[in-house]
Amino acid sequence: MSDSYAASDVSAPERSSSPVYSTNTNSEEAPTVDFGFLPIPASLRYDPTRPVRFQLLLNIAFGVSSTFVIANLYYSQPLLNRQIQACSSKLYARYLSPASVQLADSFHVSYEEVSNVPTLVQVGYAVGILLISPLGDLVRRRPLVLTIIFIAASLSIGLAFTNSLPVFEALSFLVGVFTIVPQVLVALAADLNPPHRRAAAMSIVMSGLLFGVLTARVVAGIVAEYVSWRVVYYIAFASQYAIALLLYLTVPDYPSKNKGATYWGILWTMAKLAVTEPVIVQAALVLIPNAAVYANFWVTLTFLLGGAPYNYSTLVIGLFGFVGMVGVMMAIPIGRLIDRLVPWYAAIVSILLYVVITAIGVAADGINIAAVVIVCIGVDVLRQTIQMTMTTWVFGLLDAKARSRIYAIILVSLFIGQIMGTSVGALLFTKYGWRPSAAISLAWSGFMLFVIFLRGPHVPRRRWLGYAGGLSLRQSSVHETDAVEQPDTAAGTQVAQIAETSIRRSSDVAEIKEKQGEVVYEKEPNGHPSDV
């Protein structure tokens with residue numbers, strides 16, 4: 001893939017007028033086209049002396065894009081209602097939707113034969129997280145995002161028109177593989193914002209993810225109920241092409257973060273990070289049960305409300321999905337709150353509340369509908385808060401050049417948790433009832449509390465346990481060197497600029513490691529490896 005290069009001389013309202021030092025040590029001039037032929041809008045071209053500001057409109061564009069792209073993973077679920085199949089035959093017959101029968105009839109197969117589609121989409125998504133999203137640390141993010149959204153949209157065309165079930169299944173898997181634009185955008189949003197605004201920026205993108213999950217199921221269910229299921233995929237590919245245009249007009253261009261690195265080197269260092277960095281291991285051990293509690297609640301909610309004492313209709317049960325909108329609405333204030341706190345303390349408070357909420361579920365989920373509503377809101381809001389807190393904490397402590405790999409590890413942890421929560425929760429509910437299913441969520445919440453207490457808020461990076469560094473409530477002790485990570489993209493202060501210049505001049509060894517695809521850590525003034 002060739003690019004034409006020219007010096008960027010464009011002045012745009014979105015650019016910062018204050019001079020900053022560039023973290024790009026290469027003298028290579030900024031590209032003016034993507035893919036060798038597609039012009040980059042002048043205001044979005046990379047200029048290290050006048051970086052593009054990450055303003056609210058750009059943040060909203062990232063969030064909207066995430067909404068329509070992540071929906072790919074959930075369009076098929078209301079068409080198949082596969083989760084209901086895990087329950088008894090009575091419930092299975094009750095909730096089998098006309099859309100699922102319509103889908104099976106279109107391919108001239110049984111319902112059981114088409115029920116694997118949601119699993120294939122999710123497996124493809126996991127593959128994309130592991131093999132494609134780390135590319136954000138290797139190549140320029142702008143052409144990467146445009147490429148994968150165009151491929152996902154084009155594959156969705158095949159889903160709308162094919163008459164072959166094997167082709168539909170293969171395309172579903174591939175669509176899942178390329179539904180990772182939101183993951184690239186979350187890491188990019190973290191790069192483009194300073195530490196004191198990072199969580200707020202990421203929260204808007206993540207709220208777009210949550211909104212996409214909610215709306216995809218509702219839209220697909222309603223559309224397929226009244227017209228052909230193929231219309232769902234007409235909407236899917238049309239909306240993704242529209243998002244591709246939106247991203248072309250809004251995503252700023254920045255150089256690759258690890259020039260000289262190789263793809264296999266990036267994957268190898270991602271594997272090393274997953275087992276050698278205590279803060280990442282701690283975050284994963286918190287996020288796996290966090291996702292499991294969330295998945296357990298929503299999978300078993302249909303069974304709970306469909307049986308005694310509630311006996312709600314399918315329509316009423318579906319309306320509970322809109323309670324998840326509370327999480328969307330709370331995303332921005334939660335992100336701003338996290339930016340003001342030391343992440344460790346924000347995690348402690350959130351997990352304690354998680355324990356309380358799951359305890360309410362154990363006590364009264366099958367007795368009083370008010371308890372169900374409280375748990376529904378609490379699980380939704382707190383799950384997102386814990387995920388945001390742990391992501392912000394890890395991003396703030398480790399090298400900015402590894403954020404795509406770090407976020408891939410976080411997403412894999414969430415994926416494992418969702419599988420665990422879905423399988424274990426459904427098994428316990430169908431065999432033993434609602435209370436044991438709720439009790440396992442309480443146990444998982446308690447485990448999260450245990451894990452977070454193993455390491456304090458300011459413990460050195462390489463230490464696995466303890467409270468070295470104290471229990472200071474000050475953010476500065478956590479982010480004291482974080483400002484030098486990306487001052488050109490995060491509009492760093494003059495102090496950060498001076499510190500960065502000093503570090504860059506004395507980092508010959510680090511540059512060699514960087515070219516090998518390894519994660520580079522800055523040095524503290526005392527010459528020892530930094531905990532940042």
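Residue numbers in this text run from 1 along the chain shown.
Cβ coordinates are placed from backbone N, Cα and C, and glycine is handled just like the others.
Automatic prediction, not curation, is the source of TrEMBL annotations.
What TrEMBL annotates here:
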- 1-28: region 'Disordered' (REGION)
- 14-28: compositional bias 'Polar residues' (COMPBIAS)
- 51-463: domain 'Major facilitator superfamily (MFS) profile' (DOMAIN)
- 56-75: transmembrane segment (TRANSMEM)
- 114-132: transmembrane segment (TRANSMEM)
- 144-165: transmembrane segment (TRANSMEM)
- 171-192: transmembrane segment (TRANSMEM)
- 199-219: transmembrane segment (TRANSMEM)
- 231-251: transmembrane segment (TRANSMEM)
- 263-292: transmembrane segment (TRANSMEM)
- 312-332: transmembrane segment (TRANSMEM)
- 344-363: transmembrane segment (TRANSMEM)
- 369-386: transmembrane segment (TRANSMEM)
- 406-428: transmembrane segment (TRANSMEM)
- 434-454: transmembrane segment (TRANSMEM)
- 507-532: region 'Disordered' (REGION)
**Request:** Please give the sequence-distant neighbours of the transmembrane segment (406-428): residues at least 6 beyond its ends with Cβ less than 8 Å from one of its Cβ atoms.
**Result:** 83, 86-87, 122, 125-126, 129-130, 133-134, 183, 186-187, 270, 273-274, 280, 283-284, 287-297, 299-300, 303, 387, 390-391, 394-395, 398, 436-437, 440-441
**Asked** In the same chain, who gets a Cβ under 8 Å from the transmembrane segment (171-192) while lying at least 6 residues past its ends?
**Response** 52, 54, 59, 62, 65-66, 69-70, 72-73, 76, 117, 120-129, 131-133, 136, 141, 144-145, 148-149, 151-152, 155-156, 158-159, 162, 198, 201-202, 204-206, 208-209, 212, 243, 247, 251-252, 254, 257, 391, 395, 400, 403-404, 406-408, 411, 486, 489-490
**Message:** Please tell me whether the transmembrane segment (231-251) and the transmembrane segment (144-165) touch - that is, whether there are at least 3 C-beta pairs under 8 Å between them, with each pair 6 or more apart in sequence.
**Reply:** yes
**Message:** Below 8 Å between Cβ atoms, which of the listed ranges 263-292, 344-363, 434-454 makes the most pairs with the transmembrane segment (369-386)?
**Reply:** 344-363
